[in-house]
Structure formats: C-alpha cells, structure tokens
C-alpha cells in the first residue's frame, strides 16, 4: 500500500543542538531567542547567536580560570565573590571591560599607599654596632 504514511522512508536522525554542532557549552538557541526578543534588530542571522555564545563562553571561562587561581592562592576549594573580584581587578583587560561593575561581597583590592608605609632607615644597623 504505497502512499500511506512513512513506512518505507528513512528513520529520522537524532536531533543535535546548535550548541553541540558549534562545540559550545553555552546555549545557542537561547541566545538566538534573546536576540530576537530583545528588539536589537528586525532580523537575526544564523551565525550571530553562535558567535555571541562563543564570546560569552570564552569570557566566562577566562574569569573562572583566574578566579580559580585566586581561590587556590587563598587555600580554598570554592570560588566566592571575593575571588571573582580579585581575578577581575588584577587583570588589566578584564578590569577595563568591567570597570564600572560592582561585585556584591567582593571587597576591595589590598593596597597601601607608599607614603603611609614606615620609612626604611639605617637606625637598626646603627644601634646594633
């Protein structure tokens, strides 16, 4: 009985997400939806969400790498906002990118002005002799 349904056709291939096609962890489909709903442009090309998801993934990985190093330096196994703050503010490019951003519970960078430090004198050496 030809012409009745899809009995003779090929089995449909397993669905593959656009993120996995691009080799990304960030959701390309969600980024595409947000670009469309955000009224940034009338139309959104197919490559734009892939590129944007890749950029966001790269920036996230970079920040997490530096924050992980900051956590390890402080002998901690969990990244907290303080580690994110230290990572971003100690990196010149990330600090410029996120210069106006306030990180809650981030604290400040340790910094003592040179004028306030005690003066280095030879008084200790003179008293020893």
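For all residues, glycine too, the Cβ spot is worked out from N, Cα and C.
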_In Swiss-Prot, one of 1-22, 23-44 is tagged region 'Disordered'. Which stretch would that be?_
1-22
*May I ask for the distance between residue 105 (N5-methylglutamine) and residue 96 (N6-glutaryllysine), taken between their Cα atoms and rounded to an integer number of Å?*
20
*List nothing but the one residue from 96, 100 whose Cβ has the fewest other Cβ atoms within 10 Å; the candidates are the modified residues.*
100
_Going by DSSP, is residue 96 (N6-glutaryllysine) sitting in a helix, a strand, or coil?_
helix
*Could you state the CA-to-CA distance between residue 14 (ubiquitin cross-link) and residue 96 (N6-glutaryllysine) to the nearest Å?*
44
*Would you mind checking how many other C-beta atoms are within 10 angstroms of the C-beta on residue 16 (ubiquitin cross-link)?*
8
